[in-house]
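Q: The domain 'Phosphofructokinase' annotation in TrEMBL covers A:4-302. Summarising the annotation, TrEMBL assigns diphosphate binding site to A:Gly11. Annotated Mg(2+) binding site per TrEMBL: A:Asn113, in sequence order. The annotation site 'Important for catalytic activity and substrate specificity' is assigned in TrEMBL to A:Asp114. The site 'Important for catalytic activity' feature in TrEMBL is assigned to A:Lys141. Annotated substrate binding site per TrEMBL: A:Thr142, A:Ile143, A:Asp144, A:Met188, A:Gly189, A:Arg190, A:Glu245, in sequence order. What TrEMBL lists as active site, proton acceptor is A:Asp144.
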Protein chains: 2
Amino acid sequence: MKNMLVAQSGGPSAAINATITGVIDAGLDSDKVQHVYGALNGIKGVLNENFVMLDEICKSKEERDLLSMTPAAALGSCRWKLKDPKDNAEEFEKIIQILRKHNIGYFIYTGGNDSMDTVYKLSQYFEAHGVDDIKVMGAPKTIDNDLGETDHCPGFGSAAKFIAATFREIACDSYVYDIPSVTIVEVMGRNAGWLTASAALARTEKRRAPQLIYLCEIAFDEQKFLQDVREALKKENNIIIAVSEGLKDARGNYVGEETKSGKEDAFGHKYLSGIGKYLEGLVGEQIGCKVRSVELNILQRCAGYMLSRTDITESRNLGAYAAISAVRGESGKMPALKRISDRPYHVEIRLADLSRIANYEKTVPTEWITEEGNDITEELVEYLTPLIQGEMDVPYENGIPKRFIL
Amino acid sequence: MKNMLVAQSGGPSAAINATITGVIDAGLDSDKVQHVYGALNGIKGVLNENFVMLDEICKSKEERDLLSMTPAAALGSCRWKLKDPKDNAEEFEKIIQILRKHNIGYFIYTGGNDSMDTVYKLSQYFEAHGVDDIKVMGAPKTIDNDLGETDHCPGFGSAAKFIAATFREIACDSYVYDIPSVTIVEVMGRNAGWLTASAALARTEKRRAPQLIYLCEIAFDEQKFLQDVREALKKENNIIIAVSEGLKDARGNYVGEETKSGKEDAFGHKYLSGIGKYLEGLVGEQIGCKVRSVELNILQRCAGYMLSRTDITESRNLGAYAAISAVRGESGKMPALKRISDRPYHVEIRLADLSRIANYEKTVPTEWITEEGNDITEELVEYLTPLIQGEMDVPYENGIPKRFIL
């Protein structure tokens, strides 16, 4: 009997703990798995042999259910990209040595593009060097919904639900005054506008807010934007606008870049913030009506009080599928979702090749954005709607949601 | 039989609609009330005779329950302060004429300090001019919890619950990385720190975040703050800090004022924002660790997906009490909450004199703030805890909370 190891990587999400819960479920269920370990802070925890006994800690179903509904990453995360094995064989050898030392035959790594790159490199190295006693599997996670080969990503549905619900609340808040007002809401998304698009799910027949939606897939034109806002204000007093944090102009420069910080993270991604504030200034200056901006900020990814049951269930299933696949001898792959139908919503899990996932970003197809570039199409609404359905029965403790803490 | 009129005023909250629901409940229940009208956009709607038939619109209990759980102000609001009757008798006479024209004998006005000022002026004017066929009553509302004569204010409990839950989620999000980090969360509150204090309710035995809490009642010292942060970082990697938006220095100036906008609202209140960003810059510069700031922004007052059952129940009861009192002949008063005991939590409703409420702000007593000025005492936790208890069974529609829209 071998041990199983799971670790989390990349930015937190509301569903990544559901995925490791699925791994624990499968590990406890399998007669080929002795223990399920968790590595703290991703691949760094593997290198430092910083392990916890997850099957012991989460022995009860109650504890596992709590873990599955806790946002962020209970095992901690890291932003650590393994270098190319050519330059870094030592690190790969060290990982193999540590895994063998702890009799780990199955290693499941949850994360986004960068983490799938880590899994891919490991599996390639294992294959090239005849390491066949350790199976390594990815499990998808990213609120950005930008992984290839899967219909959508665990964590996205809950983030989309939070965003849609929040736009509805912001509309309630904005409609109370009868003077013209513009509210600009900045949503996460550097290169993919999926999260911003989900603002459209806030609409009802009686209230069409947000009236304007700008995704980062379409070059942003400030003059066209101001014209859109002026047109919208002719029809209604209260205008709500959803914008992706990563809006770029026709030359590919971030809109209002000079007003934002230029810091970069370990992967060279620019930290973005402030497009909302920038556009607030623009509307105030050029149109002169009451205007405010709201940055949804980290709540988008960590608000576990607004979980999508569809998302949490799928995330847990994907974690279990990754674990079971590893036990069955699969390696270097990632379980992915294939949508069979929209109505009724039905998905199936299939294994996808990491070679086609690592470092690839799936953006919103332009045919799902209206020609005017200021809204999304009905097809995209159809795609998004099932992903936010259903609620979880989150346990409360002293008035607020109870959380799993290691 | 007379008609009853209700209107809403001031900033939106998650519970102000529960209060007008209580008014409708009482109006429907009373054999002395013919119809319950709502005025749109507060006192402005009265002056413009902009009325809706609330008892017709909300005939079913289902519709009223939905209204009671919808955030913001379903009737719309205004920021309109009646001038002193000496300078403005015309407006007072016009209001009397309109109310009589519509056979309105009971007028209930929900709001905060400024709105209670309106009710007080009206009732004084009625008394001075022998108008005894119209009873006017206030109903308290303010997330700031700064009204006098009442143990706490409707809307506060739900805002406090949202804030406490959100700090817990932000802690989950912050603890995923193992490098030293500081997260500064800016909470609403110009002069009263009640909302900021409620961040303390996020704490559990395992996790003491937020480790530092700064209320606007205490003069803020930047050097002491930096020292507190350095000390906290010696004990733990991930520090969460709650700060009131209205932090002032020893001379009474807003901290980092020059970096913020100088706009003022109709009552001469300065629009505040940016203390979080300011302190983020300060920590980054002086301590140099990873630091970020989060502005909870309008979600604090409009997130109806995190309602306190205690708050919504009390708000609805207070609205009904105001209505019933008016029918019984009371005028110029406001139903207020008197706390009888903490454990078990028990409150009673009593009528309070508006003369002692209008334009008065109740701040956090300094004895409920620790001597160091960077945390709150156990007594304040005891005061706050009952107010966030219980959840509402919010109806969902297509994946997100359903909302009442007029």
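Glycine is treated like the rest: Cβ placed from N, Cα and C.
Mind running through what each feature is packed against?
A: In the predicted structure, the domain 'Phosphofructokinase' (A:4-302) carries a mean pLDDT of 93.
Under the DSSP three-state reduction, A:Gly11 (diphosphate binding site) is assigned to coil, being neither helix nor strand.
A:Asn113 (Mg(2+) binding site) counts 20 other C-beta atoms within 10 Å of its own C-beta, drawing on all protein chains shown.
All protein chains considered, the CB of A:Asp114 (site 'Important for catalytic activity and substrate specificity') has 20 other CB atoms within 10 Å.
Secondary structure at A:Lys141 (site 'Important for catalytic activity'), as computed by DSSP, is coil.
For A:Asp144 (substrate binding site), the number of other Cβ atoms no farther than 10 Å from its own Cβ, over all displayed protein chains, is 27.
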Q: Given the recorded substrate site (A:Thr142, A:Ile143, A:Asp144, A:Met188, A:Gly189, A:Arg190, A:Glu245), which additional residues of the same chain have their Cβ within 8 Å of the Cβ centre, ordered by sequence?
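A: Once A:Thr142, A:Ile143, A:Asp144, A:Met188, A:Gly189, A:Arg190, A:Glu245 are set aside, the remaining close residues are A:Asp146, A:Ala192, A:Trp194, A:Leu195, A:Gly246.
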Q: In whole Å, note down how far the CA of A:Gly11 (diphosphate binding site) lies from the CA of A:Gly189 (substrate binding site).
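A: Cα-Cα, rounded: 13 Å.
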Q: On the Cα atoms of A:Thr142, A:Ile143, A:Asp144, A:Met188, A:Gly189, A:Arg190, A:Glu245, which are listed as binding substrate, what is the maximum pairwise distance in Å?
A: 16
Q: Measuring Cα to Cα, tell me the gap between A:Met188 (substrate binding site) and A:Asn113 (Mg(2+) binding site) in whole angstrom.
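A: Here the two Cα atoms are 16 Å apart.
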Q: Given the recorded positions A:Lys141, A:Arg190, and counting only Cβ atoms in the protein chains shown, which has the most within 10 Å of its Cβ?
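A: Of the recorded positions A:Lys141, A:Arg190, the most buried by Cβ count within 10 Å is A:Lys141.
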Q: Among the binding-site residues A:Ile143, A:Met188, which residue has its Cβ surrounded by the fewest other Cβ atoms within 10 Å?
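A: Lowest Cβ count within 10 Å among the binding-site residues (A:Ile143, A:Met188) is A:Met188.
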Q: Given a separation of at least six residues and a C-beta threshold under 8 Å, show me what packs close to A:Gly11 (diphosphate binding site) in the same chain.
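A: Non-local contacts for A:Gly11 (diphosphate binding site): A:Ser77, A:Gly112, A:Thr142, A:Ile143, A:Arg301.
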